[in-house]
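The active site, proton acceptor annotation in TrEMBL covers H63. Annotation comment: TrEMBL describes D64, V67, G69, D71, S73, E85 as Ca(2+) 1 binding site. Taken from TrEMBL, the feature substrate binding site covers P158. The heme b binding site annotation in TrEMBL covers H188. The feature Ca(2+) 2 binding site is assigned by TrEMBL to T189, D241, D248. What TrEMBL lists as disulfide bond is C32-C111, C65-C70, C117-C312, C195-C227. Residues annotated as domain 'Plant heme peroxidase family profile' in TrEMBL: 22-316.
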Amino acid sequence: MAVMVTFLNLIVMFSVVSTGKSLHVNYYEKTCHDLEYIVLKTVKDATTKDKTVPAALLRMHFHDCFVRGCDASVLLNSKGNNKAEKDGPPNISLHAFYVIDNAKKAIEAKCPGVVSCADILALAARDAVYLSGGPKWDVPKGRKDGRTSKAIETRQLPAPTFNISQLQQSFSQRALSAKDLVALSGGHTLGFSHCSSFRNRLQNFNATHDVDPLLNPSFATKLKSICQVKNQAKNAGATMDPSSTAFDNTYFKLILQQNALFTSDQALLDSPKTKHFVSKFATSQEAFFDAFAKSMIKMSSINGGQEVRKDCRKIN
């Protein structure tokens, strides 16, 4: 039954999502010429004060796009009886919403009522990658902001416990290929994860093994010491890779060494096609950067919004 409900949700979701044919790189050239400069400055200022901001913005954009398309529905606050996406279980740890608020405020002062919150988030995610040493790409613009945000729909997000077939299904439902799956997973080169996202690999893994046998034993021991069953610190966890504030190809090298955090990371070796791209990106950072930029443009072109919000946290 749960599978059917999720499938029906996807049908409903994609009936309101377009593939962004109306998007254009120069969409705001005449109506808000300083847009890209304002967003970049806002992200840069926030990153200077808090090194976790880039990872937060990249994750926020991904979580937005995978539910109802890139329509900034992840930014909406819960209201009355409606629990919004940001309060759904996978999104509780999202943060740095204030960065988008700050950019929106500065943009509204220059060009009121013109730029969508969805476009600001897409630009902020690009700038987050670029400021972390990653690639820069031209972001097609013209997205509209959605008017609906439901916490229950965050169940459509790919989970860190997913196997390769679940991952491939999740991405293919959004017209994203195996190459897109591997490239976008490379976003895990930035950031931090709480123990709850990878504890499944450390205890009671399956009927035969207590610890995931695909986890490097010394890495498993280290993670167990961080994620103790008893007396665990409230925000205990681990960085996604040792260079967690630098956008690089370390993540793919870690997968090949069985030192990646999530089941979904290690699962990328379980299909010949995705394994090929893991090896390719581990060998060539240039190939990864090129694929990542193209996949981000593809993913962020899924849009189903209806308006340009005055306030990113509430509908007009």
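In case you wondered, yes, glycine gets a Cβ from its N, Cα and C as well.
Here the features listed in TrEMBL are placed on the structure.
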{"residue": "H63", "record": "active site, proton acceptor", "Cβ within 10 Å": "19"}
{"residue": "C65", "record": "disulfide bond", "Cβ within 10 Å": "27"}
{"residue": "G69", "record": "Ca(2+) 1 binding site", "Cβ within 10 Å": "28"}
{"residue": "D71", "record": "Ca(2+) 1 binding site", "Cβ within 10 Å": "31"}
{"residue": "C117", "record": "disulfide bond", "Cβ within 10 Å": "31"}
{"residue": "P158", "record": "substrate binding site", "Cβ within 10 Å": "19"}
{"residue": "H188", "record": "heme b binding site", "Cβ within 10 Å": "25"}
{"residue": "C195", "record": "disulfide bond", "Cβ within 10 Å": "20"}
{"residue": "C227", "record": "disulfide bond", "Cβ within 10 Å": "20"}
{"residue": "C312", "record": "disulfide bond", "Cβ within 10 Å": "22"}
Practice item. Give the sequence-ordered set of same-chain residues, not counting T189, D241, D248, with Cβ within 8 Å of the centre of the Cβ atoms defining the Ca(2+) 2 site. Key: G186, H188, L190, M240, S243, S244, A246, F247, N249, T250, Y251
Point to revise | Other same-chain residues whose Cβ falls within 8 Å of the Cβ centroid of D64, V67, G69, D71, S73, E85, the recorded Ca(2+) 1 site, in sequence order | key: H63, C65, F66, R68, C70, A72, V74, G146, S149
**Study point:** 10 Å Cα neighbourhood of the residue listed as 'active site, proton acceptor': matching recorded positions from P158, H188, C195, D241
**Key:** P158
Review point. Which whole-number value in Å describes the distance between the Cα atoms of C195 (disulfide bond) and D241 (Ca(2+) 2 binding site)?
Key: 14
Study note, to complete from the structure: Close in space but at least six residues away in sequence, with Cβ under 8 Å from that of D241 (Ca(2+) 2 binding site), the same-chain residues are H188, T189, T250, Y251, L254
Check your understanding: Tell me which residues of the chain lie with their Cβ under 8 angstroms from that of E85 (Ca(2+) 1 binding site), as long as they are six or more apart in sequence?
Key -> H63, D64, V67, S73, V74, L76, N91, S149, K150, A151, E153, T154
Point to revise | Neighbour-count leader, CB within 10 A, recorded positions: C32, V67, C70, C111 | key: C70
Point to revise | Using Cα positions only, nearest of the binding-site residues to C32 (disulfide bond) (G69, D71, P158, D248) | key: D71
Review point. If one measures from the C-alpha of D71 (Ca(2+) 1 binding site) to the C-alpha of D248 (Ca(2+) 2 binding site), what distance in angstrom results, rounded to a whole number?
Key: 28
Review point. If you measure from the Cα of D248 (Ca(2+) 2 binding site), which of the disulfide-bonded residues C70, C111, C312 is the nearest?
Key: C70
Exercise for review: From the recorded positions C111, C117, P158, C227, pick the residue whose C-alpha lies nearest to the C-alpha of C70 (disulfide bond).
Suggested key: C117
